[in-house]
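Below: one structure, written as structure tokens.
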Amino acid sequence: MTPDLDAVSSLQVTGAGPARGSLQVPGDKSISHRAVMMAAMAYGPTVITGLSRGQDVTHTLRAVERFGVIVTDVGEGRVRVEGPIRHEPADVLDHGNAGTGIRLMAGVCAGIDGLSVLTGDRFLRRRPMDRIAEPLRSMGATIDGRERGRLAPLVVRGGGLTGITYAPKVASAQVKSAVLLAGLSAQGPTTVEEIHPTRRHTEEMLAGFGARVRVDGHAVTVEPSELTGTDVAVSGDPSQAAFWAVAALLADQGEVVVQDLYTGYGRSDFVGVLERMGADIDFDLATRTLTVRASKLRAVELTAEDIPGIVDEVPVLALAAAVAEGTTVISGAGDLRAKESDRIASTAAMLRAFGVQVTETEDGMVIEGVSRLRPARVDSHGDHRIAMTAAVAGACAAEGTTVIDGWDSVATSYPAFAADLVRLTGAGAEPGA
Ligand code: S3P
């Protein structure tokens with residue numbers, strides 16, 4: 001396996017066999033973004049271990065450097081970050097493909113007395129920003145940009161904020177986090193009340209950095225606070241483990257063990273979904289180890305209640321549904337149309353390419369399980385999770401050669417994915433023609 005496969009625009013995978021073996025996945029991407037931003041806002045140094053080395057988090061590191069924050073690679077997978085951010089950035093903040101990066105950073109910038117310009121790649125510039133612009137404006141920030149600030153590049157003039165109580169219209173940890181990060185420098189308390197609770201990384205980490213934060217049911221309140229640097233150990237990303245869980249399930253003799261995973265709230269609900277589908281799967285919270293063995297799967301119904309806990313796992317769960325017996329119905333997932341790609345359309349197109357019958361609905365899809373997939377040519381639409389799902393399908397469930405165009409998107413979150421795929425499945429992988 002050559003590392004060059006991380007950057008190829010097209011990957012050819014020749015399967016299909018079982019996934020077998022044990023591995024660690026990259027550090028959690030959501031936690032990594034937050035660790036870098038809070039470290040940058042904090043007084044005193046922070047050493048982060050296990051940081052995600054994907055391009056998304058690298059963009060966050062480069063962004064905090066624009067504020068004069070010092071980022072040092074201190075070896076053995078550790079990064080030292082020393083702030084604090086005191087003034088506006090020297091230049092434009094480029095967040096690449098990272099929705100979490102730009103939205104959370106907009107919250108940070110809203111709290112700074114000065115001007116910040118935030119942008120990203122062509123995919124990110126199409127994603128809605130009004131969900132964070134609206135509450136940040138009501139706290140007192142001025143936010144402008146294309147289509148009246150609905151789309152990046154965003155121009156944020158921050159400072160002089162007042163705390164608010166806000167109930168996001170979409171279930172979104174990014175919105176919650178942007179508002180809470182801005183709230184650190186607002187006058188008075190800032191509360192976010194969620195209808196569908198989302199991942200809790202921001203409130204958990206704010207407490208670790210010494211902020212005055214309290215959780216009351218589905219409401220989180222932050223008081224104006226100064227952060228203090230503290231060392232952070234980032235656990236493995238459950239969303240990346242989900243690819244290997246499904247890989248193990250797809251072919252007879254499959255068995256995968258993933259170690260050192262984050263075990264906190266709202267990130268491993270895919271385990272429960274796969275259990276409902278009949279999977280032999282065990283997530284041992286004490287050892288933080290996920291074990292999955294090949295199983296015969298049955299269809300499942302996923303509704304709005306399920307989605308916040310599996311928001312990033314829908315493509316790979318849809319692949320599991322594609323080989324399950326019966327008809328899987330996914331609904332209440334309309335916000336997936338605003339992810340790295342329109343993930344309802346791109347997931348449906350991917351599965352159709354593998355010979356699966358899928359009907360798209362406005363807020364989900366209906367998937368008819370089949371016994372075998374046929375090899376496919378798939379377009380990732382610039383979406384790392386579509387690319388990785390297709391690679392798993394090609395390596396474990398579709399005999400023959402599958403080609404994934406737009407493979408380079410995988411480097412945003414999981415640079416060594418192709419190497420892990422080859423090691424676990426024995427599939428052939430080479431640049432696609
Ligand atoms: C994330 C929240 C989710 C998720 C994204 C990471 C986060 O997005 O899809 O990959 O780190 O807060 P939304 O807030 O848009 O649901």
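For all residues, glycine too, the Cβ spot is worked out from N, Cα and C.
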Which of LYS296, LYS339 belongs with LYS29, SER30, ARG34, SER172, GLN174, ASP312 in the 3-phosphoshikimate site listed by TrEMBL: LYS339
Range annotated as region 'Disordered' - as stated in TrEMBL, picked from 1-27, 82-108, 136-162: 1-27
Residue among the binding-site residues ARG127, LYS339, ARG343, ARG385 whose Cβ has the most other Cβ atoms within 10 Å: ARG385
Pairwise Cα distance maximum in Å, 3-phosphoshikimate-binding residues per record: LYS29, SER30, ARG34, SER172, GLN174, ASP312, LYS339: 19
ASP312 (active site, proton acceptor) and ARG343 (phosphoenolpyruvate binding site), distance between Cα atoms, whole Å: 10
Cβ under 6 Å from ligand 1: qualifying recorded positions of SER30, ARG127, SER172, GLN174, ASP312, ARG343: SER30, SER172, GLN174, ASP312
Among SER172, ASP312, LYS339, which are recorded as recorded positions, the nearest neighbour of LYS29 (phosphoenolpyruvate binding site) by Cα: ASP312
Spatial neighbour of GLY99 (phosphoenolpyruvate binding site) that is closest, considering only the recorded positions SER30, ARG34, ASP312, LYS339 and their CA atoms: LYS339
